[in-house]
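Data first, discussion second: the structure below is written as structure tokens.
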Amino acid sequence: MGKRTLTRHVIRRTKRALGRSVLFILKNTIPHMYAAYCSLVWYTSKVVDNTKDIEEFFRKENKPVKFVGVMWHQDVFLVTHAFHRFPSYTIASQSNAGEVITRMLQKYNFHVFRGGTSKGKKRRVRILDEIIEHLATVDKFGIGITVDGSSGPIYQMKTGALVVGMKLNVPVFSVRIWCKRKFLLPTWDRTMIPLPFNNIKIFLQGPYFPPSEENSAEFDAFHQRVQEGLLQATYDGFQHYEKQVSAKHLAGFPENWQPKNSKYSLT
């Protein structure tokens with residue numbers, strides 16, 4: 001082995017070792033910091049948690065709680081609290097960042113599937129099959145899926161979550177978490193970081209009942225209804241907390257989209 005080759009080999013091994021060390025530190029520190037901050041935000045804020053309406057819906061139907069909750073990637077920071085009433089499930093990527101996120105979610109007793117629902121047909125089918133197979137065996141669940149993740153475009157719904165609802169024959173609810181005081185990260189999804197001593201509200205639209213077949217005009221119409229519901233819930237959040245809903249807020253919405261007269265409750 002030449003001197004130059006040996007040097008490159010040592011550098012690669014050193015980088016891998018440092019990467020593993022950094023990942024170990026992140027996995028064992030960030031989840032605790034996240035949990036502490038979320039608790040500070042949640043318990044110092046006035047919270048209107050409309051997910052109780054989901055429980056009420058299933059109580060009236062005399063059925064066990066089984067549903068798919070669709071949300072934007074922008075809302076991921078408080079997903080742990082949006083689904084705290086239910087046996088909760090979600091998806092995280094197989095990347096190192098996904099490993100850290102998985103640890104964060106597991107602190108809140110989430111069951112986390114590792115994979116993706118948007119990139120690559122084979123990977124999409126594999127993770128969806130795993131989710132469907134597992135959830136078909138449990139008595140109660142609420143699975144939260146970010147439908148424009150993991151890389152956007154913002155406010156454009158992919159169909160993986162709807163396939164899960166269809167295959168399991170369970171309703172879908174559109175879920176939006178928004179607040180008065182927040183910081184928006186300069187990322188593709190404009191991730192919302194809530195501040196302590198806040199006003200927080202969870203907006204819902206639904207339930208939406210899936211058709212029996214994915215490749216059908218009914219499924220396309222179902223996709224359109226659920227996306228419209230999530231866009232409406234998003235608009236409701238803006239309208240509730242912002243002084244004025246501007247074009248900046250609606251950047252990424254479908255062209256010529258118009259809100260309906262919603263009052264932040266189940267349709």
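Keep in mind that glycine also has a Cβ here, set from the backbone N, Cα and C atoms.
Listed in TrEMBL for this protein:
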TRANSMEM  21-43  transmembrane segment
DOMAIN    87-153  domain 'DUF374'
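Helix, strand and coil counts from DSSP across the domain 'DUF374' (87-153) read 26 helix, 15 strand, 26 coil. Across all of the domain 'DUF374' (87-153), the predicted model scores a mean pLDDT of 86.
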